[in-house]
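Peer 1: Have a look at this one before I ask anything.
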Amino acid sequence: MDIESWGRQNPIKKESWRTVIALAYQSLGVVYGDLSTSPLYVYKSTFAEDIQHSESNDEIFGVLSFVFWTLTLIPLLKYVFIVLRADDNGEGGTFALYSLLCRYTRVSTLPNGQLADEDLYEYKNDRNLSADRIGMSLKSTLEKHRFLKKILLILALIGTCMVIGDGVLTPAISVFSAVSGLELSMAKHHHQYVEVPVACVILVFLFFLQHYGTHRLGFLFAPIVITWLLCISAIGVYNIIHWNPHVYQALSPYYMYKFLKKTQRGGWMSLGGILLCITGSEAMFADLGHFSQLSIKIAFTFVVYPSLILAYMGQAAYLSKHHVIASDYHIGFYVSVPEKLRYPVLAIAILAAVVGSQAIITGTFSIIKQCSALGCFPRVKIVHTSSKIHGQIYIPEVNWTLMVLCLAVTIGFRDTKHISNASGLAVITVMLVTTCFMSLVIVLCWHKNVLFAICFIFFFGSIEALYFSASLIKFLEGAWVPIVLSFIFLGVMYSWHYGTLKKYEFDVENKIPINWLLTLSPNLGITRVRGIGLIHTELVTGIPAIFSHFVTNLPAFHQVLVFLCIKSVPVPHVRPEERFLVGRIGPKEYRVYRCIARYGYRDIHMDDVEFEKDLVCSIAEFIRSEGRGHSFEAVEDIDANERLTVIGTTSTHIDGIRICEDNGELTHVDTEMIEISSPEVPRKRVRFLVPESPQMDASVREELQELMEAREAGMAFILGHCYVRAKRGSSLIKKLVINIGYDFLRRNCRGPTYALSFPQASTLEVGMIYHV
């Protein structure tokens, strides 16, 4: 089930119906597992305490009416018909909306942005579209005020934190509710000692399986969810026909009015339970990158939506004729299941709950990877569990943290009432953030009249605000959990982002002018040694202070010097042919280059061997193109008077330079190639195969030969090891964030991926204290 291949590698513009149906089938297992299992706990959570099921059936019919219109307005109308259109080059989710706004309004807090990034293929910023005067005024206001930029960032982080909180709460409530079917087959005093341990065992097993990757069991996900949807819809139809064929009348909005009029404050508070019928709706947008819009719309509109409506109507029809159940058991899903089918349904429900939990857990991994790529989350180990499906990742630290928190919630609360209160608040907060961002997207990205944005945020925002207030009022009854978790994760994410930003600002303020490099000469005792010196820096212009610190203490550097910046840009993917920006620092005879490697927030970084080869080839291709008097695509860097050339990876050089090492074998064979080889035979032989070109003069050939000899001599990696401290006179809050928060995270998080892949024997760390 190679769902990633339908994305960036094989973009689908005009899908055949066979392709659309195949994607819709796959999306049922990946996207809708959480949403499909909501009938397990919605009625049980709604009638937990605030309202009672009476003989008049006003309560049960009112709840059914609320469920129907909530499912219709939020997932169907808002997400399927509106929000799904706001994709970021095929990617969805909270951070996709934020990155979309960052590109159109330049409110990004990423410090090392360049004008050259706006020329990327996926940087679809169509400024030629006309916007009204209010939209232009709003854009100008957001770009001018730093405070508003921080508000947008904090909103995106809050939405992300609530998604992480949902990753803790959804597995707990899904598995716990599925296991609760055991209460109908054993005595009450036995049930309370069985339900929690069984749920905990299933949860441990679920998180333990994460490191195997979903691709190993992915082919089972869709059949499980389809079986579950057929099961609940068939039981729903049976209950409607057998118990109350007139239950369809409760779909009228009039029953919502009757419900609120009769129950008043209790009915308002019970909305926190009704809200759970749309949990998992955000997954439609978050997992958009794995599927197409049409496939997700078809799967929800024609399969998931009618199945859920039938399931809820069937439960209401059964409960409308059974009013004494509440005295023995909580009102729940299993009481409406025919007795002979309860055990098979219980088994299917547990499997469906596991699938639904799997979806939110992998979604949590994905959003944390996005945040980490954009500098908003500490670096963690990211394991790609599939060589074919790039979207499937596993993060060990996050996985075990989620498991511990999930078990703590399950053991601590021991019932669905408190867990549902917590889950409801997390779900509705993410939706509110999406609504706020969407209103800005309508004006700033779609260039629609501001009236449309006002109507959107007023209509959907008022509905979600009503549910939000009902969830927030239950703060002491479980809703405090996502708030506490969000504050913890928000503190971690903002501290890391703030420290990273201050560190970069220090680098910018203390960078060395290029003229300083030009003054270095053998007369000052500076020597050049064989090999390539790769100096990693966050700067895209100028020379980092860490290099002057290095040269001052050790007056020597390599014959070929490369200032390497590996940066993330606010797009999902960067095409291989746009990977590198290469330029020259100083005169040609200095052999000093700048190379900027650009990655999107969903891109996979190349391994060290391939990256080294691509890096050397990109420099060689830059030298050749410069010697020919033209380049592929050049951009000016006004601040540093540098000219950078856009060069792709080796695989994109159709008529470019190839590099051969050791055995000299080539995977791509060109018909007319000339060989530039070293007169010496060192430990590792390196050759450049260059297409025959009469324009190549002696100086270009000489420079390529020096680069090749330097590559043969070896590559040294010079990394900065900085200690960030708040400078004297800083506020107490800044000292706490920098000296304690950021320092603790820096010491305990993993190093950069590229740094971990460098050979230890060839790596040199240069320590330096940053006072920010």
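Backbone N, Cα and C atoms are what each Cβ position is placed from, and that goes for glycine too.
In TrEMBL, annotation is done automatically, which means it is predicted and not curated.
In case it's useful when we look at the structure, here is the feature table from TrEMBL:
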type	residues	note
DOMAIN	23-518	domain 'K+ potassium transporter integral membrane'
DOMAIN	531-771	domain 'K+ potassium transporter C-terminal'
TRANSMEM	20-40	transmembrane segment
TRANSMEM	60-81	transmembrane segment
TRANSMEM	151-173	transmembrane segment
TRANSMEM	193-212	transmembrane segment
TRANSMEM	219-241	transmembrane segment
TRANSMEM	266-286	transmembrane segment
TRANSMEM	298-318	transmembrane segment
TRANSMEM	343-368	transmembrane segment
TRANSMEM	389-413	transmembrane segment
TRANSMEM	425-444	transmembrane segment
TRANSMEM	451-473	transmembrane segment
TRANSMEM	479-496	transmembrane segment
Peer 1: Is it the case that the transmembrane segment (298-318) and the transmembrane segment (60-81) touch, counting contact as three or more CB pairs under 8 Å in which the residues of each pair are 6 or more positions apart?
Peer 2: yes
Peer 1: At an 8 Å Cβ cut-off, counting only pairs 6 or more apart in sequence, do the transmembrane segment (425-444) and the transmembrane segment (451-473) clear the bar of 3 or more pairs?
Peer 2: yes
Peer 1: Excluding the flanking five residues on each side, which residues at least 6 beyond the ends of the transmembrane segment (193-212) place their CB within less than 8 Å of a CB in that stretch?
Peer 2: 171-172, 175-176, 179-180, 182-183, 186, 350, 354, 357-358, 361, 383, 385, 394, 396, 399-400, 402-403, 406-407, 410-411, 414
Peer 1: Under 8 Å, at least three CB pairs between the transmembrane segment (343-368) and the transmembrane segment (219-241) (pairs 6 or more apart)?
Peer 2: yes
Peer 1: What residues elsewhere in the chain lie close to the transmembrane segment (451-473), defined as a C-beta under 8 angstroms and at least 6 residues from its ends?
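Peer 2: Tertiary neighbours of the transmembrane segment (451-473) are 70, 73-74, 78, 82, 268-272, 274-275, 421, 424-425, 428-429, 431-432, 435-436, 438-440, 442-443, 479.
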Peer 1: Given the model, what does the mean pLDDT over the domain 'K+ potassium transporter C-terminal' (531-771) come out as?
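Peer 2: So the average pLDDT across the domain 'K+ potassium transporter C-terminal' (531-771) works out to 75.
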